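Trainee: The structure under discussion is supplied below as structure tokens; questions concerning it will follow.
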Amino acid sequence: MSALQTALSLSRAAGEPSIEARPPSRPILPVLLGVLTAVSVGVGVGLGYEQYVLVGVLAVALGLLSFLVQRGLLYVLVLVPFGESLGLGSMTVGRLMAVLCVVVLLARFLTGRLPVPAFRPVTWLPAAAYVLLVVASGLWATDHGGWLFAIGQVLLALAFFAAFALLIDHPRQVGGLLRVYVVGALLAAGVGFLQSLTDARAVGLQGDANIYALYQVAALPAALALARTTTGARRACWLVVTVPILASVLFSQSRGALLALVATATFLALLDRRRRLLVPLVAGVGLLATVVVPLLDDRYSVERVSADRASGRIDIWYTAWHAFLEQPWTGIGAGNYVPQSIERLTTEPGVELIKSHLLTGQGIEVHNIYLEALAERGVFGLLTLAVLLVCTLGCLLVVAHRTRSLLVQALAPMLVAYCVASFFLSVSNSKLLWMLVGLAAALLVHVQTPSPASRPEPVVRSIR
């Protein structure tokens, strides 16, 4: 008798079911989930909630894809900035993806597929201080609805931060993320071009020309880095992509984005050791910003800026500054400028904004993240924001130096584009910002100081 037959005989004698007699396993749980999903979809359609059913099915599909595909969630998240205004009612794409981030990260953690590294304090302490001050400002905020809205924005930002901080485990992953981001910017450029044919300004799928232009400017360093690390047809393709993206910035007619473009190009030139490629780029961008664009559109002229009060920003900043002076140490509370803005703009002496559409809504943002931090969270609000931005920029530069990667090096100029454009925007919860903060935290953990024998990425010496 063979050993296998002996084992089977012993198992039968012990009263255990044999391998041959064991019934095949049935996937009961997947079947039940499938039936439950089908019933839910049928009930939703029957009640007339087809749109919500579609969003729910899309969310489930993206969630399964993100859970099953390693780091698949990140490739979806980098596209979110290009469609922030899309959604159903209050459920925007950004909010949906933030919830999806939490669900996927929690599922991975509970199944043991999400290791949590020991992050460096310089990457998480500034973010923690920023968030804690926003939360604490509710103690002195007069409008708790505005404060709760600010808390919601912070939670969305933290979801994006956590996804990139926890799902990145090697600098090589940055290349794939940049490719997806640039492709998203290219598609957004096409949308902006179509809008410019009928509307005055290109706004993309964000619903705001200035935010749209910010994300387009941030894509240029990524496209240039991809071009410098490839050769032949791929290199030519990445270079060609920069043309429509740059044009989309002009189609937006965003003055803040134009300044961000000049600052980003200058920063790129400072990072380039050879000064062969990017110094001409800075000169070209500077000429475009100071001479060509004002000649083509008087929106950029000094007279136009003075006449429309920088689209009302001068008066908004004036009232926000006075709000800071009233409570310089604590501010008026996170999210509390918007509820007070109309009253301040209509009663503050010296305001020249009269009969403007800005005075007819529910309120208006400060349109400057730095002044907003001062007005709503006081001196320490600006300090925590500045420390967060400076530490993130420093970490990205350190990681770029250690990895000697041109792709990783592109992250710092993307942050510079955000910092400059945010002088004219209230986007402290920007998906781009918190993705970069998360990347800085993850990359600093997973890189080592390069040895003298290590070699950087191959790079084409010149682009002609």
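Placement of Cβ uses the backbone N, Cα and C atoms for every residue, glycine included.
Those TrEMBL annotations? Automatic predictions, nothing curated.
What you are looking at is a predicted structure, and each value in this text was computed from that prediction instead of being measured.
Got these off TrEMBL a minute ago, pasting:
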DOMAIN    242-385  domain 'O-antigen ligase-related'
TRANSMEM  31-49  transmembrane segment
TRANSMEM  56-80  transmembrane segment
TRANSMEM  92-110  transmembrane segment
TRANSMEM  122-141  transmembrane segment
TRANSMEM  147-168  transmembrane segment
TRANSMEM  180-197  transmembrane segment
TRANSMEM  209-226  transmembrane segment
TRANSMEM  238-271  transmembrane segment
TRANSMEM  277-296  transmembrane segment
TRANSMEM  379-400  transmembrane segment
TRANSMEM  406-425  transmembrane segment
TRANSMEM  432-449  transmembrane segment
Trainee: If you count Cβ pairs under 8 Å, which stretch among 92-110, 180-197, 379-400, 406-425, 432-449 touches the transmembrane segment (147-168) the most?
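Mentor: By the under-8 Å Cβ criterion, the transmembrane segment (147-168) pairs most with 432-449.
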Trainee: Find the average pLDDT over the domain 'O-antigen ligase-related' (242-385) in the predicted model and report it.
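Mentor: Mean per-residue confidence for the domain 'O-antigen ligase-related' (242-385): 79 out of 100.
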Trainee: Checking distant contacts: for the transmembrane segment (432-449), what same-chain residues at least six beyond its ends satisfy Cβ-Cβ under 8 A?
Mentor: 77-78, 81, 117-120, 122-124, 127, 157-158, 160-171, 174, 214-215, 218, 388, 391-392, 395-396, 398-399, 402-403, 408, 411, 414-415, 418
Trainee: Mark yes when the transmembrane segment (209-226) and the transmembrane segment (180-197) have three or more Cβ pairs under 8 Å (sequence separation 6 or more) and no when they do not.
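Mentor: In this chain the transmembrane segment (180-197) contacts the transmembrane segment (209-226) - 3 or more Cβ pairs sit under 8 Å.
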Trainee: Quick one: do the transmembrane segment (238-271) and the transmembrane segment (406-425) have at least 3 Cβ pairs under 8 Å, skipping pairs fewer than 6 apart in sequence?
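Mentor: Checked: the transmembrane segment (238-271) vs the transmembrane segment (406-425), in contact.
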Trainee: Hey, does the transmembrane segment (379-400) touch the transmembrane segment (122-141), meaning at least 3 C-beta pairs closer than 8 angstroms, sequence gap 6 or more?
Mentor: yes
Trainee: Near the transmembrane segment (379-400), which same-chain residues lie under 8 Å Cβ to Cβ, leaving out any that are not at least 6 residues past its ends?
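Mentor: The answer is 120, 122-123, 126-127, 129-130, 133, 137, 171, 328-329, 331, 369-370, 373, 408-409, 411-412, 415-416, 419, 428, 436-437, 439-441, 443-444, 447.
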